[in-house]
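What TrEMBL annotates here:
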type	residues	note
COMPBIAS	143-190	compositional bias 'Basic and acidic residues'
DOMAIN	1-110	domain 'C2'
DOMAIN	242-362	domain 'C2'
DOMAIN	395-525	domain 'C2'
DOMAIN	558-679	domain 'C2'
REGION	141-206	region 'Disordered'
TRANSMEM	809-839	transmembrane segment
TRANSMEM	924-953	transmembrane segment
Amino acid sequence: MAESSGRKLVVEVCNAKNLMPKDGQGTASAYAIVDFDGQRRRTKTKFRDLNPAWDEKMEFVVHDKETMAAEILEINLYNDKKIGKRSNFLGKVKMAGSSFSKSESDAIVYYPLEKRSVFSQIKGEICVKVYYIDEDPPEAAAVEEKPAENAKEEEKKEEKVEEPEKKKEEDEKPKEEAKEEEKPKEETKAVEVQAPATPAPAPPAEVANPAIAHTEKPKQIKENAEIEKRPDLGVNELELRSLGNDRSRSAYDLVDRMPFLYVRVVKAKKAKPESGPSISAKLVIGTHSIKTKSQSDNKDWDQVFAFDKEGLNSTSLEVSVWAEEKKENDESTESCLGTVSFDLQEVPKRVPPDSPLAPQWYTLESETSPGNDVMLAVWFGTQADEAFQEAWQSDSGGLIPETRAKVYLSPKLWYLRLTVIQTQDLQLGLGAEPKARTPEFYVKGQLGAQVFKTCRTSVGSVSSSSANPTWNEDLVFVAAEPFEPFLVITVEDVTNGNSVGHAKIHVPSIERRTDDRTDPKSRWFNLVGDETRPYTGRIHVRVCLEGGYHVLDEAAHVTSDVRAAAKQLSKPPIGLLEVGIRGATNLLPVKTKDGTRGTTDAYVVAKYGPKWVRTRTILDRFNPRWNEQYTWDVYDPCTVLTIGVFDNGRYKHEKDVRIGKIRVRLSTLDTNRAYMNSYSLSVLLPSGAKKMGEIEIAVRFSCPSWLSLIQAYTCPMLPRMHYIRPMGPGQQDILRHTAMRIVTARLSRSEPPLGQEVVQFLLDSDTHVWSMRRSKANWFRVVGCLTRAASFARWLDGIRTWLHPPTTVIVHLVLLAIVFCPHLILPTIFMYAFLIIMLRFRYRLRVPLNMNPRLSYVEAVSVDELDEEFDGFPTTRSSEQIRIRYDRLRALAGRAQILLGDVAAQGERLEALFNWRDPRATGIFVVFCLLASLMFYAVPFKAFVLGFGFYYLRHPRFRDDMPSVPVNVFKRLPSLSDQIM
């Protein structure tokens, strides 16, 4: 059968730049091989050109639209070995199917060439245009319904045409190629079209007839052809693709299987059909009782109920059907149409991938109205059952939207760059009596709630009503899909505080770019004033959406995604992250229930990349068990998974309460190994740190290709645009917090909403706020980094003072070895480093680290300092508290000020030594330099090192207690401290 519509992938190999010379003569003869879904194409060879331009367009058949996003497009560049007999690999590029563009205008991208191995010598980049086209259904059907006989005739004709060409090419091959080294697999497959015909079936990429190429073939044949005809595609990549396509095979293997009793109530049938009363079904298991929605006779319920087996307190299930009738006084009466009972010990069990249990008709037992039936199905299953997500769940409050498991996606963020060039014909609107003045203008850009302004510029003394100021200044905004409708540009006059005019730019139609090779086109926009001034001038701007940047929307130290905004620049994933949220233990009560006892309605939110997952809420339990498992694609191993636990208050129209948070850095995990650990949950409150319980998490980072993982460490952390056109730290910080606010607002408008307090807690949006606790923690982190250097300095001082004479003698011997065998210095250092690090391997941490309260300095902080940390902007505390905190901050800043002054003074003294600020000190140094040059000319360097070493390690009896002469001279040098007012 022909499909309703087809799809083809168009790959245009445009050009390459700055390729690595490979022919031994400073050039390369490059050609490209393009592989996609078992199909292969080859470009022509561009001889002796390091910047070749092919401009060749190739078409590939997309056999399955649904799995196109998981396919990999691979482009390999080679040097033609007929021209040069050296290494022929020039680089490769891999693109995931999810990055293919539907529009040809947005498809062109420059990709840096990647290495095939760690030791490959590769450089340069390739320009490729990749997009797909959906063919019309009639055309596709016409192609597929072509008679088989005509296809066979065309195959024969093509074979007749191809055979003479192949024989001719074989005769022209030089005999020297037989002596050359065997070509790699990629090149062998690239010239497979030119080889003699073999019994093996050729892949569709090598069939020139488009009718044959578009014929549908079974999926199994396609997979076999992919494995047989693409030996360059590693087994690891095939495994990774299978991980991405079929994740259900490993679903719920990191968590425990939770048994649930499933009851699917479909519909009821009366013995005497009559219209009027609505009917409903009631399910009773011990103390558990739940009713379906009321429906009329001709409608189905089709509802699924899931009861936690551990919470059942009965061994029988009773299903009854009730009819509801309304009387004239709006009072309703219910009558039972019958009951059917089930013994839970005889209920069958079902485990996916078993087919769903078919509902059956059961006769209702009733003395008053016999002959009624109900259609339902009862079975025992687990949380892996397909019906679980949409079922009424007993442990999460039923069908409450705020308590059910959900997956959220952060909005796709772009940087919008507005370059304000100049304005012309500004109508200043001075009135009837123009007055000579010097107007100052600035341009204000507004996108949603974001407002940025250019600097002020004046246009000189103007007595007329027009001016042409120039800026050439960039304003960068954060734009989220779906975009705000308009970017508003306003020209403001500073002298009178009035707006000269404004212009609107339609944001969805703004040009998008992925690099800085081509500037977007500049445009003129008319400025519009009020109703009486329809034209107040015009403004010249350049605006574009920057797709080459990654928009940071979380704290830099816990980032979980570093991909560029443009999907054309995204690379295929290197692995798979699987997280099993098992449960929590010993949670503390967060709120009160019925005003008498404490309770906790806990749920978990996990965030990695743009994907947020939220588990169902387990109501009124201090030891909840979720046992939910989720997966993420991993594009960079040096990223962080963030998991937070909250108490659900939104289903009661209250805010959610923080219980705790943990972070797992993927680079600290061993690949293909499951970690199952319990982590302590602590939360920082104004009264201090409080332990709220423990959470049990299972994590597994699967990465089939070890080589891809190592190559990820050698690549830049951020996309290319961050390095060739970087933004300043201050601008990055402003844009980061803007992106955080956008993500928070978008997720809080979801249904059900992910609360603002939840998103901000996981994104660490308050890291920029002043905190005495964080300042102390960072200070002691710096001290901790310098501790080893201080320990080495103390050890060296003990050596030079002969605290342990045998060690000092050994150091003398080492000094002799260094002086007489200097070529062994570096090998010895690196060998010692290798041995020491290898010995520490057995003592490495086997469990991922969690939040460290001691490192966070939460145990030695006062209540007032914590209250200051939780105080918002503007402050709500009393003036006396603010005065005390300000005095404390002044004292701390005073010590920091003295420290900075001392550091600056040391550098100024060294600079004064060369600037003759103290003529006598500089004169002494000049004489010393002259004598030192003569001495080093006459004395061998080895002798100097040996003499200096023995002098430095001399015995204390030959050492003076007073400071040395160089120290005395240096401390007497002047600094600029005496010039500070």
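Glycine too: its Cβ is placed from the backbone N, Cα and C atoms.
Source: prediction; values computed, not measured.
For the transmembrane segment (809-839), same-chain residues at least 6 beyond its ends with a Cβ under 8 Å from one of its own Cβ atoms are 799, 942, 945-946, 949-950, 953.
Per-residue pLDDT, averaged across the domain 'C2' (242-362), gives 81. When Cβ-Cβ distances below 8 Å are used as the criterion, the transmembrane segment (924-953) is approached by residues 799-800, 808, 811-812, 815-816, 818-820, 822, 913, 969 of the same chain, each at least six residues removed from its ends.
Between the domain 'C2' (1-110) and the stretches 242-362, 395-525, 558-679, it is 558-679 that has the most C-beta pairs under 8 angstroms. Taken residue by residue, the domain 'C2' (558-679) breaks down under DSSP into 10 helix, 63 strand, 49 coil. In terms of DSSP helix, strand and coil, the domain 'C2' (395-525) has 8 helix, 67 strand, 56 coil.
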